[in-house]
Amino acid sequence: MSNAMGSAATTPRAGVGRPRAPCGSLQTLRRNHHLHLRTKSASKPRHLSCKAAGVDRRDVLLGLGGAAAAGLATSSSRGGAVAAPVQAPDLGNCHPPALPDTAPDVDCCLAYRAGTGTVDFELPPASSPLRVRPAAHLVDREYVAKYEEAVALMKKLPDDDPRSLAQQWRVHCAYCDGAFDQVGFPELEIQIHNCWLFYPWHRFFLYFHERILSKLIGDDKFAPPFWNWDAPGGMSLPAIYANTSSPLYDERRNPAHQPPFTVDLSYNGTEQTTPRDQQIDQNLRIMYRQMISSAKKKELFFGQPYHQGDQPDPGAGTIENVPHNPVHFWSGDPRQANGEDMGNFYSAARDPLFFAHHGNVDRMWSVWSGLRPGNAGAGGFTDTDWLDAAFLFYDEEARLVRVRVRDCLDTAALRYAYQDVALPWLDAKPPTEAGSPAPASAALPATLSQTVRVAVTRPKTSRSREEKDDEEEVLVVEGIEIADHFSRFVKFDVFVNESQSGAGTAAVAQCAGSVALTPHAVRPSKGKEPVKTTARFGITDLLDDIGADGDKTIVGSLVPRCAGDMVTVGGVRISYVK
């Protein structure tokens with residue numbers, strides 16, 4: 001084994017080889033750490049605390065179980081109208097992606113024979129072993145050997161075997177790059193990004209990938225690892241993926257980002273000169289915003305509703321925007337024409353690192369739900385358009401399985417869990433940047449070839465604590481159009497009352513969040529049309545933190561970071577979400 005891999009494997013930690021399952025209730029460790037979570041039914045904040053020795057100052061542990069991995073309940077977003085969930089696609093009606101000439105000849109269509117029957121998904125028996133997904137930087141040699149064997153066997157399967165890696169990456173390509181029509185709407189593609197289907201679709205994708213790997217090595221307890229990029233110990237490419245002789249290695253990665261280089265969770269495409277400790281602190285502050293202060297409401301965390309017959313890309317949730325998309329970009333190879341592999345959705349799942357990255361994204365769903373146990377219900381939404389949205393996957397027996405979102409809301413019922421690891425971002429509140437706010441100086445619509453600052457009127461000011469708990473104030477950036485949707489990563493940061501210095505990073509209190517889009521193809525018939533979307537940012541806490549809650553007008557700054565010349569924004573306004 002290479003030195004890179006050995007560094008992770010030669011110092012196994014206690015219990016890492018067989019990580020323990022998370023405990024059944026929300027916990028935090030480290031010196032009576034307090035996390036304040038307000039709910040409508042409680043006049044006082046919840047205090048969560050417990051103690052443990054030998055934990056880093058930034059380390060706070062969380063355990064989750066059962067239906068805590070679900071989300072928040074809500075009423076139908078269509079006011080009682082007839083449900084129209086996105087239906088499972090017709091695999092026999094698959095379109096080649098609209099890729100530019102610089103991309104290889106790619107067929108995203110899945111292995112399928114006319115007349116192939118489907119079976120409806122059934123949960124595994126409650127008596128089956130609980131698979132525990134470990135943090136990739138904590139695994140031991142025995143685990144690495146088993147994982148490498150499983151991936152090697154998957155790669156050796158015939159390309160037309162639906163369980164092969166050649167088919168596994170095509171599953172992601174097909175659902176993300178316009179291969180399938182919406183049933184009954186032949187001019188509309190199915191797109192599982194930038195909407196409320198992002199989390200459940202990827203959860204199922206990982207679930208079947210996991211079961212295929214474990215079947216190949218005959219170990220019903222095996223679970224692939226997650227990339228723990230939200231904690232200092234995991235904030236670099238996991239060393240097990242950097243061994244050039246390993247089946248986990250992919251040569252199409254950024255050569256400058258090999259371990260122990262620190263990942264930038266809000267990566268802009270420029271290489272950092274930031275000291276490691278400072279980069280870690282910035283990453284933790286970004287996680288605090290994306291998971292806590294800006295993600296209080298389900299629509300902000302999960303993404304916007306997407307029904308059968310809707311245009312794709314209604315709007316991403318907090319974690320999908322950042323760090324999900326920047327980490328894809330950070331991992332891809334800038335020497336490739338389109339950022340392959342991880343830097344483009346069509347090719348992303350060719351890299352085994354994809355599954356570790358999305359393991360942690362899925363873990364964030366579980367963590368987010370566990371932070372709000374008083375509101376957790378059967379799922380993120382009670383709208384049947386979400387619960388009954390359906391997809392098709394091949395299982396470990398190569399059977400075609402129809403799944404629905406409602407089937408994946410309880411990770412304990414799916415018989416998997418995540419290793420207990422630190423949540424050091426729970427108290428990493430971003431600091432306020434000093435300086436007076438820069439004035440508004442532009443009007444919308446505008447192209448983001450440079451920073452655009454606009455005045456935004458607030459309908460409500462100086463609200464009470466109860467009013468703020470009841471309704472989250474949301475900054476809506478609408479009419480976003482991306483001209484080149486395939487070959488370039490797009491990112492711009494959004495600030496409220498940004499300092500006149502204009503030097504703010506995404507880790508300061510004035511930053512409401514970012515719009516980040518990983519390149520992907522659209523329907524072939526729409527190859528020249530722009531991607532259209534909307535972004536929403538919860539700013540109630542932000543306004544309190546910067547002392548602007550009483551302001552009738554605030555200044556929204558749109559700061560281009562990547563490919564701003566391709567981005568047009570139509571408007572910025574305030575709305576409220578209960």
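A Cβ is built for glycine as well, from the same backbone N, Cα and C atoms used for every other residue.
Those TrEMBL annotations? Automatic predictions, nothing curated.
If you check TrEMBL, you get these features:
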type     : residues               : note
BINDING  : His172, His193, His202 : Cu cation A binding site
COMPBIAS : 1-10                   : compositional bias 'Polar residues'
DISULFID : Cys94-Cys109           : disulfide bond
DISULFID : Cys108-Cys173          : disulfide bond
DOMAIN   : 351-362                : domain 'Tyrosinase copper-binding'
REGION   : 1-21                   : region 'Disordered'
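Recorded features from TrEMBL, shown on the structure.
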| residue | record | CB count, 10 Å |
| --- | --- | --- |
| Cys94 | disulfide bond | 18 |
| Cys108 | disulfide bond | 23 |
| Cys109 | disulfide bond | 19 |
| His172 | Cu cation A binding site | 22 |
| Cys173 | disulfide bond | 27 |
| His193 | Cu cation A binding site | 24 |
| His202 | Cu cation A binding site | 25 |
Sorry to bug you, but what's the C-alpha spacing from Cys109 (disulfide bond) to His193 (Cu cation A binding site), rounded to the closest Å? 18
In the predicted model, what is the mean pLDDT computed over the domain 'Tyrosinase copper-binding' (351-362)? 98
Taking only the Cα atoms, work out how far His172 (Cu cation A binding site) lies from Cys108 (disulfide bond), in Å, as a whole number. 8
Expressed in Å to no decimal places, the gap between the Cα atoms of Cys94 (disulfide bond) and Cys173 (disulfide bond) is 11
Taking only the disulfide-bonded residues Cys108, Cys109, Cys173, which one has a CA atom nearest to the CA atom of His202 (Cu cation A binding site)? Cys173
